[in-house]
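So that you can see what the record holds, here are the features copied from Swiss-Prot:
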| type | residues | note |
| --- | --- | --- |
| BINDING | 146-202 | ATP binding site |
| BINDING | Glu275, Asn277 | Mg(2+) binding site |
| DOMAIN | 120-304 | domain 'ATP-grasp' |
Amino acid sequence: MRQLFVLDPLQCIQPAKDSSAALMQAAQRASIEVWACTPADLQARGDQLSAIAVPVVAEPWISTGEPRSLPLTDFACIWMRKDPPVDEGYLYATHLLELAERAGVCVLNRPAALRAWNEKLGALRFNNLMAPTLVASRVSELAAFAREQEEVVLKPLGGRAGQGLVRVAGAAPGLEALLELVTDQEQLPVMVQRFLPAVIEGDKRILLVDGEPLGAVNRRPKAGDFRSNLAMGGRPEPTELDSRELQICAELAPVLREQGLFFVGIDVIDGLLSEINVTSPTGIREVERLKGVPLADQVIARLLVSLG
């Protein structure tokens, strides 16, 4: 069996931290032939879909062979693991991968869902599980909401890994000017969400496979910051899921399955859903290190069962 990973250039990956590296290594341990390419390596000539890909020896990390042009139908599964931003190149790649899916190839996550699920806006499908939230472009509406909530977090809809998050008081001087900046003079919507003080104790990244939680890690912000993302200096800690968090997972599960979102990372703060990460969820390495479980192997095993 062959699997293809569509992701950032391999030389950019830090194997000790990267979930894609963990998945490739687990696939290799399962006797799967692992190949890799970037979105720019995908192509279609008529109805012939292919990728200029390299064979990967993922463990020990990493060696590659010579690039070859291979039909996408040669792969039992294609993982779309390119990190955001979800820009034009990313979107075009999902269109090509959707053609492969129509040709019978399993593509994870489903390309149409990757286009449809903005990682901030997707959570609004479950707004009953979230903190009070407003998405808007009008400064007057955003400012009124911020004053109502007293303290909020501004979230650019295209941000990732904590980039661009701003904590601000509703009564802060210059609030309107800040909102003008983040909305590009009311040309772009932004998410404004009630600030949850419990985030200082951390948020939970929960990894779901086919709708079921397989692992979780608590991410505690560094001193003086409220952003718990590991890329922003957050510290990973072992954790267990409580009944509320299991309830959130259970409510998401049927929708994630129906949408073809096989591998997803959700963020939960104080029992409230914050984000649903579908592009290239991280956290495998941290769960494996803190809990001593072979999480990546479990993900690949679930995939092999689903492939039959």
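Quick reminder: no glycine exception, Cβ is built from N, Cα and C everywhere.
Features as recorded by Swiss-Prot, highlighted on the structure.
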| residue | record | CB count, 10 Å |
| --- | --- | --- |
| Ala146 | ATP binding site | 26 |
| Leu154 | ATP binding site | 22 |
| Gly170 | ATP binding site | 18 |
| Leu178 | ATP binding site | 18 |
| Glu186 | ATP binding site | 16 |
| Arg194 | ATP binding site | 19 |
| Gly202 | ATP binding site | 20 |
| Glu275 | Mg(2+) binding site | 22 |
| Asn277 | Mg(2+) binding site | 25 |
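Spacing of Gly170 (ATP binding site) relative to Asn277 (Mg(2+) binding site) is 28 Å (Cα to Cα, whole number). Ala146 (ATP binding site) falls within a helical segment according to DSSP. The two recorded residues, Gly202 (ATP binding site) and Asn277 (Mg(2+) binding site), have Cα atoms 17 Å apart.
The average pLDDT the prediction assigns to the domain 'ATP-grasp' (120-304) is 94. In the three-state DSSP scheme, Leu154 (ATP binding site) is classed as strand. Taking CA atoms as the reference points, Glu186 (ATP binding site) and Glu275 (Mg(2+) binding site) are 23 Å apart. The two recorded residues Arg194 (ATP binding site) and Asn277 (Mg(2+) binding site) have their Cα atoms spaced 20 Å from each other. Closest in space to Asn277 (Mg(2+) binding site), of the binding-site residues given as Ala146, Leu154, Leu178, is Leu154, taking the CA atom of each residue. Between the alpha carbons (Cα) of Glu275 (Mg(2+) binding site) and Ala146 (ATP binding site) lies a span of roughly 20 Å.
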